[in-house]
Amino acid sequence: VKSDKEDTEYSKLHGQNEDDANNDDEAEKVIKEPGKSENIEETKNVDTGTEKNESSESDKNSNLKVATVPDTSFSSLSTLGVSELTLKAIEEMGFTHMMEIQAKSIPPLLEGRDLLAAAKTGSGKTLAFLVPAIELMYKLRFMPRNGTGVIVISPTRELAMQIYGVLQDLLKHHCQTYGLIMGGSNRSSEAKKLGNGINIIVATPGRLLDHLQNTTEFMFRNLQCLIIDEADRILEVGFEEEMKQIVRLLPKRRQTMLFSATQTKKIEDLARVSLKKMPLYVGVDDTQDNATVDGLEQGYAVCPSEKRFLVLFTFLRRNRDKKVMVFFSSCMSVKFHYELLNYIDLPCLSIHGRQKQTKRTTTFFQFCNAEKGILLCTDVAARGLDIPEVDWIVQFDPPDDPKEYIHRVGRTARGVNGRGHALLFLRPSELGFLHYLRHAKVPVSEFEFSWSKIANIQTQLERLIQKNYFLHKSSQEAYKSYIRAYASHSLKSIFNVETLDLAKVASSFGFPVPPYVDLNVHSKKMSKQSR
């Protein structure tokens, strides 16, 4: 229940004051798609003069044979022996033509080849590995008594659930069994199902290793195929040792498919121990000029610390009829902005690592099914999730590196002819990050806007934070977590915590004076749970 004074501040904050109402039509133009507003102009990128290291890329893949399969229709796969049951399911799912990664991967995988694929998020790789896996089980006439024939490993529970959903659709006309194995689910129930025989399993690394080591009823000696999806993400979130143990426990005579959005030394090491000596290398991005999809318009806004929330609030209010994802650097920042925006009547959802799995799942599907809305999130939601028709990706807090940027913006402009927009917030001292993006073949232009059109609610924000105990406490925790996340940034030459003006940072969290907190900015990197 809000007090009368709180109601006054509430009305002012969500745009019900007279001045804001009068300017409402003009404010519509503050931050919109590039090229559609007089207040936003596209600034040409400056050539950094960075040369491509073609020799190193050639050396890295010198021992891998490159696949060259032309694009084709799904129906043409019948000539390669793909069953009518699978083709019927694909048709019912609404797919007619293969995307590049599918056209290059499916034919050799049907022949039993091992494969290492470099594919962007949103490129269609889920069908690329599931179709051959299902056909393998169908041709071998796998039944529950044969145990597990295919294991798909995914980095997160959300992505595992999504792959499982696609698997369900593809197996609609088949008789093979399938199951989902992941942390947060009932382990004893999973063990019972494994004992009954699950032909195709989608799993997260930790829970899979647990069952491999401790569930005696788990029959995996007949395993025919191992699929590792988002391999770089699996290693990034700390499952390197688990993956090595999983590979050691599984039968050596099997087909292996390894998919990754980026290629790193750790990926090469994992490929070396999991793939056969001569895997097929499929790189759908090798000949492209940009590391992000063509339908994505990308830009950055130069914004001082004290104006960050004001710009974000104005942007979200003017795009509330769109589907928008906003990325933050910590769970506490997501929590605070979620509570604040909902309090001031700007409805939004949130998803982050500290939520229970059931809550994250409910939120994920709620946003997927929505035609419009705002989702605040940490990078737990950044990889592999196929959320339909996201209009804007807003990176309110900077990504750790260009790879993380690419994975974040991979939520929009997905699929064939996909369109979307991405906005990156940068402080003036952070513009050096653009050099890294351009070196990574990410084309970004400056989005300019009129400061006179930005909602001037700083005074009302500070009063609300001062008077509302719960928002005050939440804002204080978010402020502290923002500083700590900034201190843990890998590109310290650009994102240097010593360059932050704490008074200006605090202003964006609604504090006229920085709160007294033990920032401990020289602490170790943030834990996985805090992101």
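Every residue gets a Cβ built from N, Cα and C, even glycine.
All TrEMBL annotations are machine predictions without curation.
What TrEMBL records for 1-17 (among others) is compositional bias 'Basic and acidic residues'.
Annotation source TrEMBL lists region 'Disordered' at 1-64.
TrEMBL lists 18-27 with the feature compositional bias 'Acidic residues'.
What TrEMBL lists as compositional bias 'Basic and acidic residues' is 28-62 (among others).
Same-chain residues lying 6 or more positions outside the motif 'Q motif' (75-103) and placing a CB less than 8 Å from one of its CB atoms are 69, 110, 117, 119, 123-125, 127-128, 131, 134-135, 138-139, 169-174, 282, 284, 415-416. Residues or ranges marked as motif 'Q motif' by TrEMBL: 75-103.
Residues or ranges marked as domain 'DEAD-box RNA helicase Q' in TrEMBL: 75-103. For the domain 'DEAD-box RNA helicase Q' (75-103), the number of residues in each DSSP class (helix H, G, I; strand E, B; coil) is 19 helix, 1 strand, 9 coil.
What TrEMBL lists as domain 'Helicase ATP-binding' is 106-281. Averaged across the domain 'Helicase ATP-binding' (106-281), the predicted model reaches a pLDDT of 91.
The annotation domain 'Helicase C-terminal' is assigned in TrEMBL to 295-465.
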